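Annotation comment: TrEMBL describes 105-392 as domain 'Sugar phosphate transporter'. Positions annotated as transmembrane segment by TrEMBL: 101-123, 135-155, 222-241, 247-266, 278-297, 317-334, 355-371, 377-394.
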C-alpha cells in the first residue's frame with residue numbers, strides 16, 4: 001500500500017511538474033530545447049524514514065500537493081540502445097568505444113592509412129610492369145575516385161556543396177597542380193623503383209620551405225634550413241648509386257615535388273567554408289579534366305595500336321580491368337583516410353606519422369619487388385628520412401606555438 005501510494009505520488013508529481021510523457025518512447029521537458037528519445041526509463045527514489053533527500057534537481061521535480069519524493073537519477077536508453085544518464089536535469093550520454101579508447105581508434109586510422117598506401121604502391125608498380133602507360137593510369141586513378149565521389153553525392157553521404165564561378169576560379173589552380181604532381185609521380189613510379197621515387201619525394205619539404213621564403217615572403221628560421229641539409233645530402237647519396245636510376249624518373253619526381261608545393265600554396269589561398277570532402281571531390285573532377293588531354297595525345301595512339309592488346313594478352317581481360325579498378329580505389333581511399341587521420345591528431349603527431357609512412361612504403365617495396373640497393377643508397381635514404389623527421393618535428397612545434405599564441409591572444 002505504501003509503495004503504491006509512493007508510485008502514485010511520483011506519477012502525480014511528474015504530471016504537475018515541467019516533465020510530461022508525450023509517448024511511451026519520449027521524455028519531454030518543456031524547459032529543454034533538445035529532446036532526448038528514450039526507449040525505457042527507470043527511476044531511483046531515495047527514502048530515509050519517509051523523509052526526503054533533496055539533491056540539486058529537487059527544485060525541478062518537487063511535487064505539488066503530494067508526498068515529498070524526489071528523483072535524484074534517471075537511467076534510460078536512447079532510440080539506438082545507447083545508455084543515457086539524466087542527473088540534475090542534464091542528459092549525459094554514456095561514452096562510446098571511440099571516446100573510451102581514443103588512442104586505439106587513432107592507431108587504427110594510422111594503420112589503415114599505412115596499409116592502404118602500401119597496397120596502392122605495390123599494386124600500382126605491378127601494373128606498370130605489364131602496362132607502362134602512366135598518363136592513362138593517372139586518369140584511371142582519378143576516374144575511379146570521381147565515380148566514388150559522385151555515387152556518394154547521389155546517396156547524400158556527404159551532401160554535395162554548391163559551387164560558383166568564384167570558387168571554381170580558386171580551385172582550378174589547385175586542381176592543375178594536383179594533376180601535374182600526380183601524373184609526374186606516376187611517370188617516376190613507372191620508370192624507376194618505388195623506393196627511389198619516394199626517396200626523391202622526401203625533398204618536398206625543401207621545395208615547400210623555398211616557396212614559403214621566396215614566393216610567399218615568409219621568413220624561414222635558420223633551424224628549419226639546417227634540418228633540410230641532411231635531406232638534400234641523403235637524396236644526393238641515394239641518387240648517385242641507385243641501380244634503377246634514370247633521368248626521366250628523377251626529373252619527374254622533382255617536378256612532382258614542385259607541383260605539390262604550389263598546390264599547397266594555392267590551397268591556402270582557396271580556403272573556403274566548404275568541407276574538405278567536397279573540396280577534394282571538386283579538385284579530383286577538375287584534375288581529371290586536366291589529365292585527359294595528355295593521356296589521349298601522348299599515349300592514345302600506342303594504347304589503341306598495341307597497349308591494351310599486349311596487357312590483356314599477358315594477364316587476361318578480367319585481371320587487367322580489376323587491377324585498374326583497385327589501384328584507383330586504393331588511391332582514393334588512402335588519400336581520404338589520410339585526411340581523416342589529420343583531423344584526429346595534432347600537427348606534430350601527423351608529421352611523425354607521415355615520415356613513418358614513407359619508411360613503411362620504401363621498406364615494403366624493397367621486400368616485395370626484391371629491389372637491390374647499394375650500401376650507399378641505403379645510408380643516403382636513411383639520412384634523408386631522418387632529415388625529414390627532424391624538419392617535420394621542428395615545423396610542427398612552430399605551428400603549435402603559433403596556434404597557442406593565437407588562442408591566448410584571442411582569449412585576452
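Note: Cβ is positioned from N, Cα and C throughout, glycine not excepted.
TrEMBL labels come from automatic prediction, so no person has curated them.
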When counting Cβ pairs under 8 Å to the transmembrane segment (355-371), the leader among 101-123, 222-241, 247-266, 377-394: 101-123
Range from 101-123, 135-155, 247-266, 278-297, 377-394 with most C-beta pairs under 8 A to the transmembrane segment (317-334): 135-155
Average pLDDT across the domain 'Sugar phosphate transporter' (105-392), rounded to a whole number: 86
